[in-house]
Structures are given as structure tokens and as C-alpha cells.
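Features reported for this protein in TrEMBL:
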COMPBIAS  483-492  compositional bias 'Low complexity'
REGION    483-517  region 'Disordered'
TRANSMEM  28-48  transmembrane segment
TRANSMEM  54-72  transmembrane segment
TRANSMEM  84-103  transmembrane segment
TRANSMEM  177-195  transmembrane segment
TRANSMEM  207-224  transmembrane segment
TRANSMEM  262-295  transmembrane segment
TRANSMEM  301-327  transmembrane segment
TRANSMEM  339-359  transmembrane segment
TRANSMEM  365-386  transmembrane segment
TRANSMEM  398-420  transmembrane segment
TRANSMEM  453-474  transmembrane segment
Amino acid sequence: MSRQNATRQRSLPEAPPRVTQSVATSTGLLAVTGSAATATLAVVTAGVIRPSAITIAAGLVAMGAVVGAWLLTGRHAAHLPPRALYAVAAAWAAPLLLARPLFSGDVWSYLAQGATAALGLDPYRLGPASALGADSVFTAQVSHYWADTPAPYGPAWMLLSRGVALLTGENLGVGVLAYRLVALAGVVLIAWALPRLAVRAGTSPGVAVWLGLLNPLMLWHLVAGVHNDALMLGLMLAGLELALAAVDRLHAGGAPDRPAAYLRLAAGVLLLTLAADIKFVAGAAFCVVLVAIVHRTTRPVPLMAGVVAGAVLVTVALSLAAGFGWITGPLGSLTVYSWMSPTTATGLLIGAVAGSGVTPTAVTVANMIGLAVCVPVVIGLLVAMFRGRVEPIRGLGLIFTVALLCGAVVQPWYVLWAVLPLAAAARTHRSRLRIAATSTLVAVALPPLTGDVTAMIVGYVVAAVILGTAALLIRRRLTHPADTATTTTPAPITTPAPLPRQSAATERERVTSLPRA
């Protein structure tokens, strides 16, 4: 055995047989627990049972059980292969594939906008009510906040929405299922990209899959919520991996590798462009790739010119088919105040104190200040990536973090923009703990059902008592395990300990066994 191989084996020691069996058993039990919890959530939100304090409490307990199972799974994530965690993710997500849309009604807007485009009308100029009429089956489902709001999405998404409308007609159930399959395709791309990005960033692919793919926010908002962020994020992360891999090959040199590297770069740029043509925020990953090209290639100018030209050509081609209204479309989302946005919340608070008459001005000023802070910070992060002080994948997560803190509109599922790249680059215990804590807080911020004030209060109290008791029992079990010769319990940590950097080669060998796109 060579010294290099011996070093690799020492960097990631094999767990004792009893611990390995214990980890496998524990992971299987957590998979079953999470699946039962998501099934319960799907049942109580199906609309068959009238919302009450009992159903609200049951839904909250189910959500808490999933979050708890996720946190407990993290204790073993560093020692589990991604395939094992894929099985857990599938078990948790399966019951939600047939659930009604949860936590948001955006899918109804997708259906209405697609129907508008299928009729030959302009969804960038007309809202569902004016385009389809108030008696349309689609308009009836769209929230009154968005009934008169034109589409804010890019040309790639509008073409896809038009295709869904042509295929499904006015069948709401089939339409929702079609969009859920689209979201599932995005989740599969995320599952493919996360462990590979983690290896590139020098961290554990198992931890990245746990923090990202198994994250309750993924289940709530991408699988059950059917948001187009699923496809956008999947295309963005897959494109980022392909593009960075191509840049690495070009940096390493070697004429035989160059054609393959250029093809890989072209594929990555295409995926990144499609992601940005769903939601323009994915353009941040495109900027990260451009910085990597400048930083790591010998002839960056012609390469950058080709990359930008290719992205522009794809976007123009899609826009010729779908329209150019996407350029101003996102401004429509600003007509509804987003209380989760720190800047908008500040403006609303000022309006509450000074009087409702100053609220619009206060919100606008606060949002402008946020933009003024965001732009130089993002530029500073790009410069730091160029100088090699910030790793590109982590840099992308930080860019999205700044955008969320300073942006005018923030939704719970937007948090995944930052969580997924940060999960792939989280090397330290502290960084993993921050991601887990933030995800947990946002995951329980919204109830699965609404009801009258009394039912909501009683439901939250009952759920808090049940979940609190369960948490105390689990904590006691972990900190005071049974003292028997046949039981071996891993250390009770919330997130797995970071791996040493020299283990990246070992993790790269492990992840190569995953199916390639």
C-alpha cells in the first residue's frame, strides 16, 4: 500500500462494525418516521377534514417530527454514502407527491399564466383575471393578491407553462401533477449536483446531501409547494458543477482534454442560462463562473466572450418565442409587501409608528437602502473570489445570503437559494449548525393549515407540548444511553464533525460511483 493511499485511509477511518449497524438501523428508523410524518401532513391538509385545533396540531406535530428526524439524521451524515441519504429523501418525499399544494398557491398562478399564453395572449402584460376572466377555473384558484399581476418569470418558464397548459387543458389535478413532475426533475438535478459540488469544495458529500436535499424546506416548498425554484435551482447547481469542472480541466492544461472541457463548459453555460431564464436571480451563478474563468484560465477574454455570447443567444431565442416582458415582469411582485424581507419589514414598522400614510415611502426608501448596500457587498464577494480568498461555491451562497438580507421580497423557499450552495461548501461545525438552525426556524415559521384564532392558538399549544415532551425524551435517550454491552450510541451532536481537507480525494473517489447526468 502506498503512503498516499495510507494517508487517505487514515483521513476517514472506518466505523466499528457495531456502530455501522447501529447507524444503518437508526437511519432506517428515521426514514420510516419521516415518511409517516409527511404522510400525516398530506392527510390533514387534503381538505377532507375541516380545519380545527386538532388538525392544526396534527399538522404541526408532523412538521416537527420531520424536522426532528432530519436533525437526528445529521448525526450520521458524514459517515453515510449519498445513495443511502437519497433513499431517505425518497421515503420522506413520496407521500407529498400526491398531496395538495402546501404553504403557497403559486402553482395556480403558473397554470393561469400558462393558459394565458396558450390562448395567444401576453402573460407579461395581462394578469389572470383580465386575461381569462373572473369565472375561469384558473382565476378562481389564484390568490386575490396576484389575480391582476402579470407573470414575473423568464421566457424559459413561460414556454414550459404554455406547454403544460396545452397538454393538460383545464384539468386542475393533472396540471398540478405536471408541475410537480417538473419540480421533481429539478430535485433530481439538485441530488446529482450537491455531492459533486461538495467534493469540489472539499467537504463531505453526505453532509451536503443531508443539509440540502433532505432539508425540510425542500420537502415543504419544492416538493409539496411545487415552486418553480426547484427547476431553477436544479439547473443552476448542475450547470455550476459542469462549468467549474470544465474550468478546472482547462486550468490543468493538456490538449487532449480541451475539446471535452469546452463541451462541458458549453453544457454548463446552457443549464445556467436556462436557470436564469426561469428566474433571473440564477444569473448570480453565471457571474461566479465568469470570475472562475478569469481567475483560472490562461486566455479568459475570448472564453468569456464566447460564454456571454452563447447565453445571450439562448435568451434572445427564448424571448422571441415567449416575449420580452420578463425584463420588467419581476417588478410586479413589489406591489405586495413581503413581511419576511428585513428592509420591507423595516419600512412597514416605520409606517406603523409614523402612520399608514408614510408606509409606501418608508418601504421604498428602506428597499433602496438595501439595494445600495447589496450591490457593493456582492461586488466585494466577486472580487474576493477572483483573488482566491473565497471559494466559488461558498461565494455563491454568500451572494444569495446578502440578497435575501437586503432584498425587497423574501419568501420561505427563497432561503434555499443560499442554503443549497452553502450546504455544499459547509466545512466547519459552526457553519453547518448555522444552516441547520436557520432551516429549522424557517421550516416551522408557517403553519400547514389556517383556522380561526382560537383554533390556531390551541393547535400551537398542543403541538408545542407534544413536540417539547418528545424532544426532552430524545435528548435524555441520547445523553444517557442504556449501559449495555450490545448498544453503541454515537456522540450526541447536532451536526457531523467536519472532515479534514486531505479527505477530499477520498470523497471524490466515493462520489464517482454516483450516476452521471
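Backbone N, Cα and C atoms are what each Cβ position is placed from, and that goes for glycine too.
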Chain residues outside the transmembrane segment (207-224) and at least six past its termini with a C-beta under 8 angstroms from it: 38, 41-42, 63, 66-67, 70, 73-74, 77-78, 80, 82, 85-86, 88-89, 92-93, 96-97, 99, 101-104, 180, 183-184, 186-187, 190-191, 194-195, 197-198, 230, 233, 412-413, 415-416, 419-420, 422-424, 426, 432, 435-436, 439-440, 442-443, 446, 495-496
Paired segments the transmembrane segment (339-359) and the transmembrane segment (398-420) in contact, 3+ CB pairs under 8 A: yes
Other parts of the chain folded back onto the transmembrane segment (28-48), taken as Cβ under 8 Å at six or more residues beyond its ends: 55, 58-59, 61-63, 65-66, 69-70, 72-73, 87-88, 91-96, 98-100, 102, 219, 224, 448-449
Segment-segment contact (the transmembrane segment (301-327); the transmembrane segment (365-386)) at 3 or more Cβ pairs under 8 Å: no
Range from 54-72, 84-103, 177-195, 365-386, 398-420 with the greatest count of C-beta pairs under 8 A to the transmembrane segment (453-474): 54-72
